[in-house]
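Student: Below is one structure. I have some questions about it.
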Amino acid sequence: MEAGGLTDSLLSGACVLFTLGMFSTGLSDLKHMRMTRSVDSVQFLPFLTTDVNNLSWLSYGALKGNWTLITVNAVGAVLQTLYILVYLHYCHRKRAVLLQTTTLLAVLVLGFAYFWLLVPDPEMRLQHLGLFCSVFTISMYLSPLADLTKVIRTKSTQRLSFSLTIATLLTSASWTLYGFRLKDPYIVVPNLPGILTSFIRFWLFWKYSPGGRQELSASTNLREFT
């Protein structure tokens, strides 16, 4: 196998491995819902938006003929749909959840109708769909910024997941490199915010870690004593 082909295979494998690892972090929420038979402390919107994102990228991968995109997003869509169904099963406020799901799916169907019926040229359709996927993915990566401001205000990282941060960094980095290999800006650009926000989270973990707070408290007490 040539060096270029080996590199592509390794990057493709990394994308599949890290992305499925990131999707599987929802299994802890799934276990929590089944054990408690409730959806307390579990957010529904990330499941729904990730499912729509997977379906969008699945269409892009099918149109592009890229099996890495197809495999990852097909498995991701199945997992997110499973999370959604379990959430609906244990949720008491089903009407609000069903309204959110119906609204977002309606937008997705309208988008697909536009791409497949009103954009007849395959190359132009690929570009339009790639742009839509990129914008949607960027919005997903930037949406937790509100939580980051709360972390800074409260000086607590309890609302952040360290394992998810690592998974996001590895996933975003592997897809960025893979996009560079494919010379596909629609893959490269939306994953750059994922790398940036991951490093911001690492900085917050370092700055507001329990050890750091203890050292700060000890330093403050020493100054008061002297």
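Glycine is treated like the rest: Cβ placed from N, Cα and C.
In case it's useful when we look at the structure, here is the feature table from TrEMBL:
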type	residues	note
TRANSMEM	6-23	transmembrane segment
TRANSMEM	69-90	transmembrane segment
TRANSMEM	97-117	transmembrane segment
TRANSMEM	129-148	transmembrane segment
TRANSMEM	160-180	transmembrane segment
TRANSMEM	186-206	transmembrane segment
Student: Taking a Cβ cut-off under 8 Å, which residues six or more beyond the ends of the transmembrane segment (186-206) line up next to it in the same chain?
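Tutor: Sequence-remote neighbours of the transmembrane segment (186-206) are 60, 127, 130-131, 133-135, 137-138, 141-142, 144-145, 148, 151-152, 157, 160, 162, 165-166, 168-169, 171-173, 175-176, 178-180, 212.
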Student: Hey, which bits of the same chain come close to the transmembrane segment (6-23), Cβ under 8 Å, at least six residues off its ends?
Tutor: 50, 68, 71-72, 75-76, 79-80, 164, 167-168, 170-171, 174-175, 177-178, 181
Student: Six or more residues beyond either end and a Cβ under 8 Å away: which residues meet both conditions relative to the transmembrane segment (97-117)?
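Tutor: Contacts of the transmembrane segment (97-117) (Cβ under 8 Å, skipping residues fewer than 6 from its ends): 44-45, 48-49, 52, 55-56, 59, 84, 87-88, 91, 125, 128-129, 132.
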